[in-house]
Each structure stands twice: as structure tokens, then as C-alpha cells.
Amino acid sequence: MIASSTVFIIPQRVILAIMGFLAIMNAYTMRISLSIAITEMVNKTGGSAAEDDSGVCPIDESANPDDFTGGEFDWDEELQGIILSSFYWGYVITHIPGGMLAEKFGGKWTLSLGILSTAIFTLITPWAVELGGSTALIVIRVLMGLGEGTTFPALSALMATWIPAKERSKLGSLVFGGGQVGTILGNLLSGVLLHNIDGWSSVFYFFGGMGILWFVIFSLICYSDPESHPFISEKEKAYLKQELGTLERDRTLPPTPWRYILTSVPMMALVCAQIGHDWGFFIMVTDLPKYMSDVLRFSIKDNGLYSSLPYLVMWIVSLSTGVLSDWLITSGRMTITFGRKLFTTIASVGPACFIVGASYAGCEKAVVVMLFTFAMGLMGTFYPGMKVNPLDLSPNYAGTLMAITNGIGAITGIIAPYVVGVMTPNHTLDEWRIVFWISFAVFNVTNLAYILWASGEVQPWNTPHLMNKSVEAGESNGEDSDPAMAKKSVQSQDA
């Protein structure tokens, strides 16, 4: 084992983080590829909006008119909203089972089998649509959601087992940054594929194949905990033992303390922040390509490019602020709680303002793209903010906490695309402006709840079998001072 460990120069926790990043990246490319493809699947020449240009931007003279005719399916805006939201019908269902399975049996197979099933359903999407039209597409998207719903809970369980508190913001931002990179590649490569290859099927074949390739590599090199890993070095083992207090999952962990979790005020604050994040994020991920195509009248190639640009900036911001957050916390310049609240607030207020601003920029395409880019860039600070907060509150039940927060937040993925479809039947600027004002309200109301009630402390119910009567009565451990104190608390409870 020692000889094998020397082959891997990069620490195994970093390899896990990189593969976790690639897992989310693949999950997002498969999830959002339809958002671009649907603009080429749906016939755009038959509706009233095609003849009435009063509420949309003019087509550039240099553009190819064929880019704006669409495809063979006559699906109205409401049906398109249902199709785009159907993924989240299945996605919501498997969150909590996925978190519980990851905590009980380890995150490796819970994560990898979920991605594999999503990849298979992505590959057969063109075949299903040709056979059954919109109904078959909705069924396939629901099945994709069922497979992908385990992704975030399983990754949270893996990260809680592998990543020390002092590296949590940095490596957590790396892992969750896969969402932005997946969105970048999903939009950009979908635009390139659709522009250069006849038909829309290539998008699903390409991203489905990439998902299967990831599954094979991950299955070979990643493990659920450090103790079971055959290639980990003794040096890294000793480090993780010192920082985490244990090298394997606690197989004696009591059943999930549902009553304490569901009545925890910091947990409810986290759910509120997740709803705000997901509402804004899903509006952008699912419907920004449609806004670029239907309102701004970008060609399919430009649509892919400009729809991906905001997520590139978001990814850069999430990584850089993750490093900044870890440094501010470990140097004692701010507590974990204050850090989570600060970065979550930046990620809420900033995007809310810039998204609304974009709706008032009209047909100034460069200005609109710039404002959307600023909005999504600032949203990157969610990742060192509320996104890693489940690991703070309960390392032992991080998978379940992520399942609850991400699962409830994902309900907005069902609601948002449908609301957009209903509110933008003519896809005009005025209709979209109302959508963005609703997003402004959701961002700020949910952020206020997080500011008031969030916490970065390890909660008493993290070790329910050691909770005494004073803890059951709701008394707190006191304010969090630094990550080292939080780590010692967990280690003393696990000892």
C-alpha cells in the first residue's frame, strides 16, 4: 500500500475534490443541455411573436435567418416550461434517500450510480423524443432527475469524511464550482455542436458519453472514506486523523435526529438561503438561453457563448472567495458564522440588483450581457457562504442536511421554469422584467432570514447519542470562535 501511495503525488482528498468537481460538472452539462437544444427543437415561425417584433430586439443584419426558425416541434411556451421543469420533479424525490444512503453505506456508489443512470437517460433522449414527443421527453427528464438527485447529498457526505474544517471553503468551492463549469461547457459546447452538426441529437450523445466516462474513472480511484482507500499515504492519513478525529464513517451513528433538524433555527435559515439561491440560479440556468434567443435574438452559436460567459466569472469568483474565506476564518479575522452570512449576502443582494438592471438595458446587448455576468459572478460567493454551511452544522449528518436544503431548494426548479413560461407567452422585454423583479424579491427576503438566524457552529444534534438534558432543552454551546474550536468540539464528541 505504501508503494501504491507514492504513485499519487496529489493528496487523495484533493483527488476526491477534483472528481467531485467533475461529477457536478457532468451533472450540470447533462441537466442544462436541453435549455440550449430546445431552442433548436421548437418551431419559432408559427407564433404571433414571430410577426410582432414590438417587444423583442431586432435580428442583426449579419445573422443567418435560419438560426431563428427553430425545429420541428410545435410546443408553446407553457409546455416548454413544463418540459424544462420536469427534471426537478424527479430531482427533489431522491435527495433525502440519497443522503441517508450515503451516510449509511458511503458516498462513493450513491454518487456514481446516480450520475451513471443520468448519463444513460441522456444518451437515449433523442430516441425517446422521436418515439413519444414531448410526453416521452418529460418522462426521460423525470428519470434523469431521479438519478441526479443523489449528487449533492452524496458529495456532502464524502466531503464531511474527507475534508478538514480549515480546507472546507476552498475545496468546497472547488467541488461546487463544477456547477458553473458544467453550465459554461453545457451552454458553450451545445451552441458549437448545434451550429456545426445537423440536428439536435449530438448534444445528448456527447454529454451522456462524458458522464459514463466519469463514472468509470471515479469508480476506479475514489473511495468513501480515508480508512478504506488503498492508495492514501500514511502522512495524509495522520493529517486527516488529527484534523477530523476519525478516518472512517461512524457506523454506530444513531438514526437521523429528524425532530432536532427540522426544528433547528439555523437549519431553517439555511433552507431559506437555498431557496433564494436556487430561484435565481434556476431562472438563469434554465431560461437565460431562451431570453438570449427569444428576446435578444442571438444566433445559436452566440447564444451558447454569451449564455456561458456569466458562469465563467461565477466560477472564478467562487474559487477565489473560497480561498479568501478560509484565510479570513483561519487567521481569526472573522468567525465561521459571520463569514457564511457575509458571503451569502453578497451573493443575494448583488445579483438581485444586476438582474433587474439587465431588464432595463433593453436591446443594448453588450450591456445586458455585462450585467448578467456581474450578477452571476457575485452569485459565486454563495459557495463559501451557505453552500458549505451543512458541513458546519453537522459533519455527521451533512448528507441529510444537504438533501433537505438542496431538495427543498430544487422545488424552485419545478416552479421557476413554469412561472417563466406562463408569464412570458410572447417573450417580450416587459414580461421578462416582471420575472426579474420577482427574483429580486425572492433573493432579498430569503437572505434577510439567513442574516438573522444562520449559524456556523456544530449543532448539538450532530451527536444525538451524547446529547444531555440541557442540550435537549435547546441550550447552545456558545458562540463559535474559530474552526479549530469547532473541530475540537466534534473530536471530543466522537472520542
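Each Cβ is built from the backbone N, Cα and C atoms, and glycine gets one as well.
Region 'Disordered' is the annotation TrEMBL gives to one range among 226-252, 469-495, and that range is 469-495. TrEMBL tags one of the stretches 109-129, 277-297 as transmembrane segment, and that stretch is 109-129. If you look at the transmembrane segment (367-385), the same-chain residues 6 or more away from its ends with a CB under 8 A from one of its CBs are 169, 172-173, 176-177, 180, 273, 277, 280-281, 284, 288, 296, 306, 309-311, 313-318, 321-322, 324-326, 339-347, 350-351, 353-355, 357-358, 361. Tertiary proximity for the transmembrane segment (135-162) is limited to same-chain residues at least six positions away from its ends with a CB under 8 Å from its CB atoms, namely 12-13, 16-17, 20, 23-24, 27, 30-31, 34, 82-83, 86-99, 101-103, 106-108, 110-111, 113-118, 121-122, 124-125, 128-129, 168, 171-172, 175, 224-226, 240, 244, 248-249, 390-391, 395-396, 398-403, 406-407, 410. Contacts between the transmembrane segment (305-330) and the transmembrane segment (397-420): absent, as fewer than 3 C-beta pairs lie under 8 angstroms at sequence separation of six or more. When each of 6-28, 109-129, 174-197, 342-361, 432-453 is scored by its Cβ pairs under 8 Å to the transmembrane segment (203-223), the top-ranked stretch turns out to be 109-129.
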